[in-house]
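**Q** Structure in structure tokens, see below.
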């Protein structure tokens with residue numbers, strides 16, 4: 001990795017879906033479009049091993065040969081997210097079970113429980129077989145392990161395998177059942193256990209289970225994903241030095257991506273801006289309507305910055321980039337002309353090495369037959385292809401992956417997502433929503449942002465750090481906060497890792513005498529007003545202590561308290577109040593900000609400032625005029 | 001059938017619900033009200049056969065005698081939609097299972113799985129017993145087989161019986177498992193099977209099943225209804241020459257009514273205008289409020305025209321006509337005074353032979369105790385009775401069933417409903433909704449309409465044919481389109497019968513060079529505008545090819561393309577745009593149209609033009625003044 | 001009970017949740033705050049009997065000693081709503097099953113089926129053990145049996161135990177299966193049974209079950225609660241003379257509280273005004289927003305009056321009073337300053353002996369860790385404590401429980417709730433909603449109200465009685481109606497106890513010739529207008545007969561008919577029409593009324609008139625100025 005990393009385009013390709021005589025033409029056309037990388041194999045288990053133990057790799061050998069001969073670099077995927085039907089004959093109990101107790105059957109994909117030891121071993125075995133065969137193949141430039149862990153809500157499984165594994169996990173974590181009873185407060189409602197074997201999974205209880213029980217199950221479930229993943233990592237590491245990748249799905253938060261990311265070289269994710277806007281984002285109808293054909297202006301950037309943090313040394317890709325209408329959202333409009341280019345450039349501006357389109361040619365069959373590709377099912381070019389080609393030309397003039405550390409950081413923590421999903425206290429309170437609001441507020445002030453894990457212990461490079469909603473603040477991060485200007489809260493460091501309330505109560509910040517003595521969740525439409533500035537909505541806290549009140553509501557109640565560079569925020573601000581807070585904090589730490597026009601965003605690399613117009617009308621800024629869906633950049 | 005068919009009224013009667021000494025008075029009162037037909041028996045299995053093999057027909061004999069003696073013609077129903085409790089002792093596995101895996105228990109009605117061989121045989125047996133006893137009875141003028149197949153979502157059953165029968169059905173359809181794998185594209189996500197025995201029903205999969213799998217299951221399920229039905233047809237045919245009827249329920253679309261209709265003489269259906277408006281119709285609150293006590297102005301007419309197509313030689317009835325408030329809709333207001341007469345006359349105007357009210361007297365017990373009858377539970381007249389009597393007088397002056405072929409036809413196809421229910425691509429996209437919008441647009445231009453199946457091969461009698469949403473266009477219909485002016489689309493002929501995308505891509509119309517290269521589903525509120533005319537909503541397609549663009553949106557995108565008399569429509573028009581399209585197409589083919597006032601509809605028979613005012617205020621048109629809920633007719 | 005009862009404060013305390021060295025300080029602090037009563041023990045089974053048969057009461061002995069030594073009176077609870085985990089080893093089938101067939105597992109509370117004989121016996125056994133040990137303990141001044149029967153929808157259980165018990169119950173009720181078939185009208189849809197063993201529970205049927213079947217199951221289920229309860233009553237009565245209490249939960253209506261109340265001395269209930277507003281009340285968003293931090297102005301008073309009727313000799317408590325934000329509603333804002341005092345005083349004004357706060361100190365763990373107490377988890381005072389202390393001072397100046405019979409009564413009947421839940425006929429029709437609307441209308445006219453059961457046979461002390469929605473009118477009540485001015489209806493006395501329609505049809509009122517010949521349920525937004533006064537919404541009836549029409553709609557349809565002092569109301573009035581009806585009826589029977597300002601309510605005791613301002617702004621009335629959340633009283 002001494003040579004500087006280069007920007008490149010890729011594409012997802014399924015040779016097994018097409019007659020072999022199309023492959024060479026496809027490969028040539030990819031190359032001619034400026035595509036460098038091609039991902040294959042991740043759904044093809046039934047073609048690699050049509051019967052248990054009978055391997056048929058000849059077609060794959062030929063596909064690799066054809067693609068590599070055309071000059072393409074190959075990412076080879078392990079096909080473990082799609083076990084063939086015969087696997088169920090070996091492991092009839094390998095299927096996951098949903099929270100309502102229903103087995104999740106064969107007939108689509110991801111039909112396995114992460115806790116099933118037999119299937120885990122079988123997954124490692126196919127990875128081993130592939131590693132042995134292709135681990136030293138010079139055409140295989142990277143490996144993808146499984147695909148989209150957790151997609152379709154597959155992390156939390158209530159199977160018998162999960163129940164037994166959970167009991168083992170608890171025994172390891174707590175040592176004795178008394179320790180567990182104490183940690184969870186099981187004396188409440190006489191929920192005390194006499195042995196680990198009595199602890200069931202926390203589903204189908206009469207009313208909600210103990211939050212500590214539920215959070216433990218979530219921690220366990222994440223750990224099971226990591227353990228499942230490691231079995232494949234170990235299998236492949238024995239055979240190859242090529243980088244390992246896992247391909248994450250947007251807003252899948254049920255396992256700890258940082259933990260999975262530890263063992264691989266590259267983090268990749270799947271960017272479907274229009275699908276996400278329709279399906280995975282809380283927003284007003286007006287917002288959803290405004291960005292119907294563009295996607296939310298911050299959702300992709302947030303994930304880009306997140307996966308830059310997940311990837312080792314900041315290496316990350318977009319493995320699947322939406323190239324046109326998709327099939328899976330409630331509504332599936334087409335991108336505005338220009339958006340495919342915009343999305344691609346935005347990823348590069350955030351440091352992506354590769355942006356890979358999903359998929360080369362739209363499949364004429366099965367679940368995703370209405371999912372666009374760069375080509376239509378009849379092999380004609382779809383509109384996305386020309387935009388990809390334009391980017392290919394453009395990156396050849398600006399080839400280097402260029403990242404510089406941002407001035408601002410945002411701490412992101414998966415266990416906090418689980419904690420507040422377990423104990424929202426107010427309908428609609430989500431950690432992700434709070435994080436995205438904070439991130440959006442930074443972006444609307446024109447700032448580039450680094451996302452950091454809660455294990456971060458050095459913030460010295462940052463001028464401003466935001467820590468909203470971090471359930472439990474690690475000591476290392478607490479110490480690091482002293483190195484910078486920091487805005488912590490709301491709902492930060494208010495519970496222990498067991499999801500109980502500590503004494504003294506939070507947030508327990510160094511040098512800041514404030515205690516959150518009461519919290520309130522507010523119904524839609526209710527809020528506390530900061531006259532002339534904005535409101536707190538959803539969530540508001542009562543702050544007590546001697547710290548200086550630096551923001552208060554109309555009744556004089558403290559909303560922000562500060563001591564030096566450290567502030568605590570006691571509520572969930574609306575956009576206007578967020579903007580005030582960010583502008584103010586930035587000013588205090590010497591960061592220049594501007595209010596960006598609606599829909600316009602910018603991002604700085606080492607060498608350029610990029611502008612992205614998510615609006616459907618032209619936009620003027622910094623002396624530039626960007627058309628609808630336009631991208632611009634200036635050297636800095 | 002040489003004598004012309006006569007219009008008549010009927011009523012549904014349950015002698016088993018009432019003391020025997022009331023029967024004669026009831027019969028006399030029916031006759032005095034002008035009622036000719038009485039349907040009995042269809043829920044009375046526990047009284048016909050209280051224990052397995054012990055038949056008790058004496059009461060039925062006497063009921064038939066009393067009714068016939070009064071001069072009534074009897075429709076006798078087979079009671080197979082209500083198997084007695086003891087049937088479950090014979091066949092504990094006869095119950096249907098819902099998509100979530102829950103057995104659908106005894107305690108109401110329709111508690112059987114169409115695929116259960118034992119119950120199918122038992123159903124044929126009771127039909128045989130009835131046929132033997134009453135097949136030659138001169139008082140039994142028609143037979144009804146079962147009742148409302150598919151009501152309460154009973155077509156799709158996920159039982160073990162269904163699973164095994166589905167595997168047999170697949171083996172017959174595909175021959176080899178490889179053929180099935182290829183037809184469905186099971187290579188996608190490694191869903192390939194090695195044997196038919198591996199194919200499960202498409203429920204409870206991790207994410208959605210292969211659409212080809214789902215559609216096959218729907219085709220199979222419809223075939224099971226037909227096979228179940230044929231067992232009773234065969235049993236009765238051996239004993240009687242009286243016409244056979246099945247009684248369909250409105251907007252039950254899960255089986256192919258044309259297929260069931262093939263084997264019987266008369267199609268009947270159940271018309272509950274106010275219940276349907278509340279429960280089975282997508283419409284704005286304003287529309288639902290406007291027609292709260294009248295029902296939708298087009299819903300009944302649509303079904304009338306549909307069942308005229310389903311019935312052999314166009315013979316059809318309304319077997320159950322709402323006579324007052326019902327019990328089963330979310331809200332159950334009373335009809336405006338006059339509506340019972342209006343609904344009845346509307347059926348006659350569309351060619352009904354018989355309109356039969358449900359029911360004679362409101363039951364004072366059980367599930368439908370709040371469902372009005374022509375009489376109240378205390379035997380007094382309910383408001384509907386006088387309106388029925390008025391119609392009886394009126395039809396005696398206009399007795400002949402009179403139908404003339406319409407100038408306009410609309411193609412209706414059950415598998416298309418299943419295809420788009422399987423693959424909606426946009427939330428809320430339903431085939432039925434699209435069809436009703438098209439039908440409504442024709443009616444709002446004053447047109448009478450024939451509904452035709454997709455197996456139609458001769459359109460020469462029609463000036464204008466509409467083919468929206470027809471998933472796969474049969475060759476015979478494609479050829480027939482050349483005989484007339486036709487407007488095809490949106491979403492027509494874009495998939496194969498296996499629900500895959502063909503190459504070349506659709507719509508593949510003769511002489512019309514157009515390809516739908518992309519589709520978009522739009523969220524509520526989003527649309528593409530045709531300035532000054534209307535908008536496309538829900539659904540819009542990208543049309544490419546050399547065909548002449550005859551309608552385009554504000555950005556110049558083609559929305560309708562034409563070649564001679566054949567046009568393709570690339571979107572789902574709103575009411576205003578539909579009106580423009582219909583008016584324009586009608587003008588081109590020489591059909592005169594007028595915009596009807598809100599709520600007014602008309603329909604022509606051979607001899608008369610009928611007017612129906614669904615409004616709650618008087619309406620003037622064609623020199624006539626119709627009161628609220630009024631009916632008028634003029635000779636033509 | 002010769003000494004007059006005194007007002008007192010209490011608190012719920014869980015010594016098992018806290019280190020023993022905190023107990024004495026807690027007790028002293030309670031006393032110092034003016035608290036007299038402390039409830040303990042009701043969730044502590046796992047600490048009383050950690051293994052089957054091994055009792056560990058030493059800690060409880062010490063806790064009682066500490067609390068009593070400080071001067072507190074103790075309510076000791078039987079812990080049967082929280083059976084320990086080992087109980088499931090004894091009775092694996094003791095769990096309830098929900099209507100969808102899912103077992104409701106261990107892991108929270110109330111995990112038992114009321115019909116399980118083994119668990120019922122085990123519950124009596126622990127009550128017996130407690131009674132033996134503490135029945136003569138002078139510190140135990142009252143006993144609570146179980147806690148919140150029915151909370152978390154636990155009355156209706158579809159377990160095997162319930163199925164078998166239901167069949168026995170049916171055999172007892174009906175004697176023969178033919179009698180059951182006749183009573184339910186099972187001839188409808190051939191639902192006739194040949195034996196009681198064939199009758200399943202009325203869940204998971206294909207479409208809705210017979211309403212008579214469903215209502216019988218609800219009656220049975222209520223009887224099972226009573227029988228379960230009696231087992232504990234009998235066990236404790238053998239050992240103690242202290243009053244027995246059950247603690248009911250607000251708007252839990254699935255069992256007959258009057259029946260449970262028969263065997264105990266004191267009824268108590270749990271008053272969570274803000275939680276109820278958010279979670280258990282149908283109201284407009286504007287109403288919910290207006291009272292977000294106060295709770296509905298009539299919900300608590302309604303329950304106060306209800307439990308005064310449930311309690312023997314009118315003895316009742318609030319066992320759990322909300323002291324701050326709770327954890328279980330969709331949104332959980334804090335009470336406005338003053339509301340804790342207001343709620344407490346409102347209970348006293350309605351005749352409560354004790355108002356007991358839930359809970360002393362917020363638990364830092366488990367399900368209710370976000371539920372406020374009088375103290376914070378860190379032992380500091382929460383805002384509610386000072387308000388409780390203020391009340392303590394105030395009641396010491398006005399110590400006597402003071403109740404006088406109201407002039408107005410409202411009949412409340414649990415089986416009517418079940419009847420209309422079974423057969424709503426219109427979405428959203430609930431008996432409770434209708435009752436609360438009637439009650440609210442009375443309160444908005446400044447009236448104090450007594451709630452009475454439908455078994456009442458003497459109304460001579462009342463000037464005005466309202467009987468809305470009473471499904472079946474007992475003869476004794478019918479006779480009593482002649483003693484007063486009465487407004488009966490809508491939907492009153494229209495069905496038999498078996499939920500069938502009687503002949504002659506209802507309401508069958510003495511001397512009032514009116515028959516409800518038709519009912520209509522109206523969708524939201526639809527109504528029938530009384531010009532200048534108000535509208536009927538949701539529900540409207542057609543009234544026929546010779547009775548004088550005293551209110552009619554714009555079309556002249558009768559809405560109220562009267563004969564002398566007896567009137568029948570044929571619809572569900574909106575607030576304006578209710579107000580007109582109440583004002584008019586009150587005037588006719590000589591009750592003076594005034595329209596209260598929005599949010600202000602009053603209530604009279606023997607000695608005082610109390611005023612409660614639920615508004616968030618000051619309010620002037622009767623020469624008084626009440627601040628937001630203010631309470632005032634004047635001697636009368």
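Each residue, glycine too, has its Cβ placed from N, Cα and C.
From TrEMBL, for reference:
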type	residues	note
ACT_SITE	C:148	active site, proton donor
ACT_SITE	C:320	active site, nucleophile
BINDING	C:109, C:147, C:328	substrate binding site
BINDING	C:113	Zn(2+) binding site
DOMAIN	C:12-397	domain 'Glycoside hydrolase family 42 N-terminal'
DOMAIN	C:406-591	domain 'Beta-galactosidase trimerisation'
**Q** DSSP on residue C:328 (substrate binding site), three-state: which is it?
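**A** SS state of residue C:328 (substrate binding site) = coil.
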**Q** Provide the list of recorded positions among C:109, C:113, C:147, C:148, C:320 whose C-beta sits under 8 Å from chain A at the C-beta level, in sequence order; use 'none' for an empty result.
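**A** Cβ contacts with A, in sequence order: C:109.
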**Q** Do me a favour and check the Cα-Cα span between residue C:148 (active site, proton donor) and residue C:320 (active site, nucleophile); whole Å is fine.
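**A** Between the Cα atoms of residue C:148 (active site, proton donor) and residue C:320 (active site, nucleophile), the distance comes to 11 Å.
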**Q** Quick check for the class: what is the C-alpha distance, in angstrom and rounded, between residue C:147 (substrate binding site) and the residue listed as 'Zn(2+) binding site'?
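**A** Distance (Cα to Cα, whole Å): 14 Å.
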**Q** Non-local Cβ contacts of residue C:109 (substrate binding site) (under 8 Å, 6 or more apart, same chain)?
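**A** When sequence neighbours closer than 6 are ignored, residue C:109 (substrate binding site) has C:43, C:81, C:82, C:152 within Cβ distance under 8 Å.
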**Q** To the nearest whole angstrom, state the Cα distance for the pair the residue listed as 'Zn(2+) binding site' and residue C:320 (active site, nucleophile).
**A** 24
**Q** Excluding near sequence neighbours, so keeping only residues 6 or more apart in the same chain, what lies with its CB under 8 A of residue C:328 (substrate binding site)?
**A** C:275, C:279, C:368, C:371
**Q** Grab the substrate binding residues from the record (C:109, C:147, C:328) and give me their largest CA-CA distance in Å.
**A** 17
**Q** Can you check which residue among the active-site residues C:148, C:320 has the largest number of Cβ atoms within 10 Å of its own?
**A** C:320
**Q** Validating a neighbour-count step here. Other CB atoms within 10 A of the CB of residue C:113 (Zn(2+) binding site): how many?
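**A** Other Cβ atoms within 10 Å of residue C:113 (Zn(2+) binding site): 26.
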